[in-house]
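K.L.:
First, the structure itself, so that you have it in front of you.
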Amino acid sequence: MYRTHYSSEITEELNGQKVKVAGWVWEVKDLGGIKFLWIRDRDGIVQITAPKKKVDPELFKLIPKLRSEDVVAVEGVVNFTPKAKLGFEILPEKIVVLNRAETPLPLDPTGKVKAELDTRLDNRFMDLRRPEVMAIFKIRSSVFKAVRDFFHENGFIEIHTPKIIATATEGGTELFPMKYFEEDAFLAQSPQLYKQIMMASGLDRVYEIAPIFRAEEHNTTRHLNEAWSIDSEMAFIEDEEEVMSFLERLVAHAINYVREHNAKELDILNFELEEPKLPFPRVSYDKALEILGDLGKEIPWGEDIDTEGERLLGKYMMENENAPLYFLYQYPSEAKPFYIMKYDNKPEICRAFDLEYRGVEISSGGQREHRHDILVEQIKEKGLNPESFEFYLKAFRYGMPPHGGFGLGAERLIKQMLDLPNIREVILFPRDRRRLTP
């Protein structure tokens with residue numbers, strides 16, 4: 001065993017005890033009669049202090065020969081002292097060089113020499129050695145844990161749906177085609193139809209966390225062609241408000257979990273994550289258009305709110321409501337997919353919503369149309385053929401309860417939570433319009 005403790009696990013209780021630490025060389029300093037070595041692991045930095053009179057001569061000679069990012073393991077005695085930068089040091093008895101790093105490095109993991117995003121993504125393994133990048137992905141891990149725990153605490157069952165499908169989930173054309181033996185198939189852009197089918201099964205409350213694939217040619221700071229979606233569906237709801245209420249509590253739980261468990265990472269990022277206030281404001285589509293009109297942005301009724309409109313609304317909600325998170329709801333039916341339920345007394349309006357975070361849509365959802373005949377008509381209204389959806393419609397003929405749900409973009413949630421400039425910062429190996437490797 002090369003390691004008994006991570007840097008974060010070395011506490012005063014270990015003072016005077018022997019430990020093993022391992023990681024990458026961060027810095028070496030030679031002061032003649034004393035040499036210093038700092039090594040980095042995933043939790044931080046450890047200082048190795050080697051006074052000439054107290055360490056093996058061969059070990060003393062080895063330290064200045066180490067290069068940045070060499071992989072080493074150190075065995076030694078913990079010494080807590082105010083003289084050490086970090087409050088403690090390790091007096092080495094043994095240093096093993098596990099591997100050498102070539103020079104020059106593809107980028108500087110200390111961050112002193114800046115690198116373009118493309119260079120960083122091409123060398124993601126090295127990029128992650130930067131503490132601020134490591135912090136982002138530790139937070140990402142916490143978000144996924146918090147979300148999964150919250151679903152289970154609220155009686156949801158995890159499901160896994162196909163990612164190779166025969167027909168477009170929402171009738172869109174933004175699908176990646178593929179050959180499935182002798183047939184044409186596509187990569188799934190959403191588990192929408194399958195999670196609705198599950199509402200007829202009696203599972204009642206389901207969720208899935210899985211990749212989705214969208215052949216959108218957008219090359220922006222908020223789009224990916226492969227992303228992770230947090231999807232949910234719940235049966236026996238009376239209206240879309242029940243779904244919105246659950247979603248806001250889920251998002252608030254994830255944010256608060258990060259606040260509680262990732263204080264160190266937030267400090268590394270120099271970011272203060274505010275506690276979300278429940279309930280999130282609800283802004284109707286009509287009210288949103290009115291606000292935008294007052295801001296000089298005119299959107300014809302029935303059209304979706306574009307990127308600039310979202311940005312302006314986000315700024316307005318922060319300045320006037322101090323609300324980074326808010327819902328847009330009561331959308332025109334023509335702007336939303338066929339499976340969204342319309343208001344019976346006002347069919348031009350539907351029971352759909354979007355959740356916005358700092359002016360970017362992170363989730364869409366709503367109450368679904370559970371009545372078979374009406375659903376068939378809505379499919380036709382969108383210019384689609386109901387026969388293509390027979391596998392889906394079949395579930396609606398044998399007792400489908402009222403239901404609703406949402407899809408929440410994991411990367412968008414994390415990007416907006418940390419107020420990062422680019423969605424590629426929060427996914428290890430982005431797939432976008434130009435990037436297929438690494």
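Backbone N, Cα and C atoms are what each Cβ position is placed from, and that goes for glycine too.
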K.L.:
Which residue of E265, E272, E361, E369 does Swiss-Prot report at the same ATP site as R214, A215, E216, R222, H223, L224, G409, A410, E411, R412?
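P.N.:
So the ATP site in Swiss-Prot includes R214, A215, E216, R222, H223, L224, G409, A410, E411, R412 plus, from the candidates E265, E272, E361, E369, E361.
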K.L.:
When Swiss-Prot marks a stretch as region 'Aspartate', which of 192-195, 236-239, 348-351, 376-379 is it?
P.N.:
192-195
K.L.:
Using DSSP, how many residues of the region 'Aspartate' (192-195) fall into helix, strand and coil, respectively?
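P.N.:
Per-class counts: 4 helix, 0 strand, 0 coil.
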K.L.:
Over the residue list R214, A215, E216, R222, H223, L224, E361, G409, A410, E411, R412, recorded for ATP, what is the maximum interresidue Cα distance in Å?
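P.N.:
Roughly 19 Å, rounded to the nearest whole number.
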K.L.:
Within a 10 Å radius around the Cβ, which one of these binding-site residues has the most neighbouring Cβ atoms: E216, E361?
P.N.:
E361
K.L.:
Does anything in the same chain, at least 6 positions from R368 (L-aspartate binding site), have a Cβ under 8 Å from its Cβ, and if so what?
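P.N.:
Expected: Q196, M199, E233, Y339, I340, M341, H403, G404, G405.
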K.L.:
Can you give me the Cα-Cα distance between A410 (ATP binding site) and K85 (site 'Important for tRNA discrimination') in Å, rounded to a whole number?
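P.N.:
Answer for this pair: 38 Å between alpha carbons.
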K.L.:
When a 10 Å sphere is centred on the Cβ of R214 (L-aspartate binding site), how many other Cβ atoms does it contain?
P.N.:
18
